[in-house]
Amino acid sequence: MKIYLVGGAVRDQLLNLPVKDRDWVVVGATPETLLQQGYQQVGKDFPVFLHPDTHEEYALARTERKSGSGYTGFTCYAAPDVTLEDDLQRRDLTINAIAYSAKGEYIDPYHGIDDIHAKLLRHVSDAFSEDPLRVLRVARFAARFAPLGFTIAPETMSLMQEMTNSGELNALTAERVWKETEKALHSQAPQVYFEILHQCGALKILFPEINALFGVPAPKKWHPEIDTGIHTMMVLAMVSRLTDDIAVRFSALCHDLGKGVTPVENWPHHHGHGPTGVPLVEALCQRYRIPNQIRDLAKLAAKYHDHLHRIERMRPSKIIRLFDAIDAWRKPERIDQLAIISEADARGRQGSENLPYPQGVFFRQAFKIANQVDVKSIVSRGLKGSAIREALTKQREVAIIEWKSRL
C-alpha cells in the first residue's frame, strides 16, 4: 500500500500558494485494509475515507468510465490493481494531476509541472469531455489563476467549445452551476470566468441574460468601450477591487441586464433599462436558486444604480424616497453596497478606472444625516399611524436640506 498527496495541494505547493485542504490517494489497498487501520468510510459512490487522526480525505485509487449523460453518469472502479497513473489520468487538468510521494518526489506522468511553468491550463486526456461540469471548473480555475498569468491551452478551449455545442451542459443542475459560479465570484478576477464561458459558448446556454449584453452598444460619450458586455466585465473587475462581498459582486454583474432587451431601433440608448432589468435578474436568480439576500440586492442594483450617479442633483424628498425604496432604515448595509456597485459602474469604463466617485461619499453621508433624526421625539408629539411616517419623512428631508446648505 502506497499513499500520495494529490490534486490542489500539490499544485498550490508548486505555485508557492498556501495549501488549504490536503487530499490523498491510496494505491494497492482495499476498503477493508483502511477500515482495519481505523479509517472511517464517508464516500458512498466511491471509496473515500477519513484519517483517524487528521480527518483528511484518503481515496482509493480509482478509474471512472462514462456510463450515462451529464456529470453524474460515471461508473467507478476502485481496486488494488488501479495504478497511480490510472488515477491521475481521470483528473481534469494536468496541473491537478501531479502526485507527491512520502519520499518527497513528484510523480507527474501528464507534464503538469511543465504546464505550471508555462502557466497553461490543459486537459489531461480526451476523457475531459465526458464531464460537462469541467467547462465551468476550467473557467473558474482561469479566473482564480489569471492574476498569476495563467491562460487556457488552445486545444482545451476547442474541447470546451465542442462540449458546449454537444448540448451536454443542459444536464448540469442549478446547484452545481451556482456552486462553481459562487466560487468564481470569490476569486480575484471573476470577470475571467464569464469571459471564458462567453468564449466557449457556454454563457449563451447558462447565462443568456448576460450573454445578450455582448454586441449591444451604449453611447460613446458615456461608454468609450461601447459594448455593454465588455462594460459589464469591466464593472465586475472593478467591483472586485472594491469589495470581497459576493452579493455586491453578483449585483454589479447584473446591473445592466435591462440593456440586453432594448429594441435594436433604440440603440445606443437604453431609457428605462434599470426597471426593465429587474425581472431578468429575478429569472436568473430563480433558475439557479441564488440566495434571497443576493437576489434582492441584485434587483435593487439593476433598478437604482443610475440614481446614485445623479444623487447630488436630486431633491431631498427624492433622496428620502430612494432610501425608503431600498429599505435602508432596516437594512443600512445596503447603502454601502449600492454605493460600491454604482462606483464600479462609473469606473468600469474605458479611461474612468482611476476617477473618484464623490456621489458615493454624498450618498453615504446623506443617509447618515437622515438616519440621525430622532423617531422618539416625533412619537412623543402624540402623532398616530401614518402621521408619524409623514412627520419623520419631513424631518429627514429638512435634515438633508440643512446639511446640503452647509456643503
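From the backbone N, Cα and C atoms, a Cβ is placed for every residue, glycine too.
Features as listed in Swiss-Prot:
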BINDING   Gly8, Arg11, Arg91, Arg137, Arg140  ATP binding site
BINDING   Gly8, Arg11, Arg91, Arg137, Arg140  CTP binding site
BINDING   Asp21, Asp23  Mg(2+) binding site
DOMAIN    228-329  domain 'HD'
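Helix, strand and coil content of the domain 'HD' (228-329), in residues and according to DSSP, is 78 helix, 0 strand, 24 coil. Nearest Cα neighbour of Asp23 (Mg(2+) binding site) among the listed binding-site residues (Gly8, Arg11, Arg137, Arg140): Gly8. One residue stands out among the binding-site residues Asp21, Asp23 for having the most other Cβ atoms within 10 Å of its Cβ: Asp23. The number of other Cβ atoms within 10 Å of the Cβ belonging to Arg11 (ATP binding site), over all protein chains shown, comes to 22. Maximum intra-site Cα distance, CTP binding residues Gly8, Arg11, Arg91, Arg137, Arg140: 16 Å. Its Cβ taken as reference, Arg137 (ATP binding site) is surrounded by 20 other Cβ atoms within 10 Å in the chains shown. On the 0 to 100 pLDDT scale, the model's mean across the domain 'HD' (228-329) is 97.
Same-chain residues with CB within 8 A of the center of the Gly8, Arg11, Arg91, Arg137, Arg140 CB atoms, the ATP site residues themselves not counted, are Gly7, Asp92, Leu93, Ile95, Asn96, Phe141. Using a 10 Å Cα-Cα cut-off from Asp21 (Mg(2+) binding site), the binding-site residues that qualify among Gly8, Arg91, Arg137, Arg140 are Gly8. Under a cutoff of 8 A between CB atoms, and with a sequence separation of 6+ in the same chain, the neighbours of Arg91 (ATP binding site) are Gly7, Ala97, Val124.
Ranking the binding-site residues Gly8, Arg140 by how many Cβ atoms sit within 10 Å of each one's Cβ puts Arg140 at the top.
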